[in-house]
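Notes to accompany the following structure.
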Amino acid sequence: MSEPTANLQPASRTPLLDRVNSPEDLKRLGRDQLPQLAAELREEIVRVCSVGGLHLASSLGATDLIVALHYVLHSPRDRILFDVGHQAYAHKMLTGRRHLMHTVKKEGGLSGFTKVSESEHDAITVGHASTSLANALGMALARDALGQDYKVAAVIGDGSLTGGMALAALNTIGDLGRRMLIVLNDNEMSISENVGAINRFMRGLQVQKWFQEGEEAGKKAVQAVSKPLANLMSRAKSSTRHFFDPASVNPFAAMGVRYVGPVDGHNVQELVWLIERLVDLDGPTILHVVTKKGKGLSYAEADPIKWHGPGKFDPATGESVPSNAYSWSSAFGDAVTELARLDPRTFVITPAMREGSGLVRYSQVHPHRYLDVGIAEDVAVTTAAGMALQGMRPIVAIYSTFLQRAYDQVLHDVAIENLNVTFAIDRGGIVGADGATHNGVFDLSYLRSIPNVGIGLPKDAAELRGMLKYAQEHAGPFAIRYPRGNVERVPEGTWPELRWGTWERLQDGDDVVILAGGKALEYALKAARDLPGVGVVNARFVKPLDQGMLREVATKARALVTVEDNTVVGGFGSAVLEALSALGLRTPVRVLGIPDAFQDHATVESVHARAGIDAPAIRTVLAELGVDVPLEV
């Protein structure tokens, strides 16, 4: 008998997944193997996400659905679109990127969302919600116009479906009647709890049994399937709920879109059976699947909000790596909760970002002065306008990247009448791992272009509080912009007095003066440390500028350096140049900011270094301007 081998490799925990590097490999598996493959995908997703900062719960919930879609459709010929794209980790693994999953959201690695330039299997570049249906319609129209015959399937979550863009696209889809499959992935949650009438309708579908009631058109639609879907309940497992198409009660059918569901989104074999029969039907079809966010991971199923995008954790126990950090979002949430006790006119509105914007406690303490409008940034802003017209002091809590979606409402509904609306703009500047779709580097530029809108960049939590208090006491719209990241906590009751449009000197020096606010001010102070003759000004107001201090420093200094965590096109540096021109001053100015190009995912520090706005880069510029400075910081 031979001796046992001492170094036998342990059996793979993912034997089926190890055989799948493409959708064609997937199709070689038997249908009875698909549940095991989905389980292996989930195990791999948990392992990948345990390093922190990745979208865990949504990817676990969508795994069975993604397996079924790729088993039936032929990507990349057929187009599979994912709304938002953060649930598509299984899609990435099934399309040849499993070996790169450890690079997700890392510099030079895979995107955390789908991205056209990353893979031929990624139909759209995405990161914002509610865009998939309009994209799918465009692809279906292009297919028909060019006489082609590929299939189009869009996966959209119930949270994304609350967005006006998705509903408007659905209305047009029903009107045009082009062949496409819309998979409504109903996990009862986006990042925050879903709200609105459409959400209530879908919740009702899950607790009531609806049946086809005899409309002739509905019967024909059912009979178009090889096995009548009218018999679906008798042949499907108990997890498959029901089918109906009564236009009188179903808003999807009322729009002209065939509706099937709700069905169990974790019965992968049943999903395959349905998709095979629905994807070739004439006209648009919605397949409503009910999934569990965090599926297969008990602690993620129990708290999907916490596990939407967790930090580092132990996959076996779910224990997180502890953090005592205090975020800018938390600083805002604490400040506005206290402010609402002081001023009964305070009312906070957010577009589906309660947790991310630090508003959980506020929503609990002041539930009657809090509104989540869902993924509807335009509605949030115009609702605030209506409140301001009636004497309230609304605060719109919103990420910078999402405020872009409400530019017209800021201009048309708020600014023209100079209404008292405060915009608490979180994630201003580079956000890092989420990349180009989420970087908030355009807000200073587009808000500067709107008359009446003031813009503030607090340097710390105290200044944030001072700006919030000022906004509640003075007239006109005011945008307070702060970065992603951590800040030092300040005591409750801290409300420093701020004078409108004023800057402050933080370091004396009249040879070269650095003007910066917000996150960029940290770099400016570090760069100028122990450099005689180099001044630093906290340019905490981007609009209006402090004309008096600007004239003073520009008259004395050999040169000015502006630093901003915003695009150089039309931002703070541009504002300074415009002001100097109006003042008739010719002081040389070096404008440092984010280049006129989209910035891919990387750490915030890496992007800032690449953009040339971190402390070493500023010191290099100072040296070029003749300052005697060592380049090491």
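Cβ atoms here come from the backbone N, Cα and C positions, even for glycine.
Taken from Swiss-Prot, the feature thiamine diphosphate binding site applies to His86, Gly127, His128, Ala129, Gly159, Ser160, Asn187, Glu377, supported by sequence analysis. Residues or ranges marked as Mg(2+) binding site in Swiss-Prot: Asp158, Asn187. The compositional bias 'Polar residues' feature in Swiss-Prot is assigned to 1-12. Positions annotated as region 'Disordered' by Swiss-Prot: 1-21.
Each of the binding-site residues His86, His128 was scored by the number of other CB atoms within 10 Å of its CB, and the largest score is that of His86.
It is Glu377 that, of the binding-site residues Asp158, Glu377, has its Cβ surrounded by the most other Cβ atoms within 10 Å. Neighbours of Ala129 (thiamine diphosphate binding site), defined as other CB atoms within 10 A of its CB across all chains, total 29.
The secondary structure of Glu377 (thiamine diphosphate binding site), as reduced to three states from DSSP, is helical. Cα separation, His86 (thiamine diphosphate binding site) to Asp158 (Mg(2+) binding site), rounded: 14 Å.
Spanning the listed thiamine diphosphate site, residues His86, Gly127, His128, Ala129, Gly159, Ser160, Asn187, Glu377 have a farthest Cα to Cα distance of 22 Å. Fewest other C-beta atoms within 10 angstroms, among the binding-site residues Gly127, Gly159, are seen around Gly127.
Asp158 (Mg(2+) binding site) and His128 (thiamine diphosphate binding site) have their C-alpha atoms 14 Å apart, to the nearest angstrom.
In the three-state DSSP assignment, the secondary structure recorded for Ser160 (thiamine diphosphate binding site) is helix.
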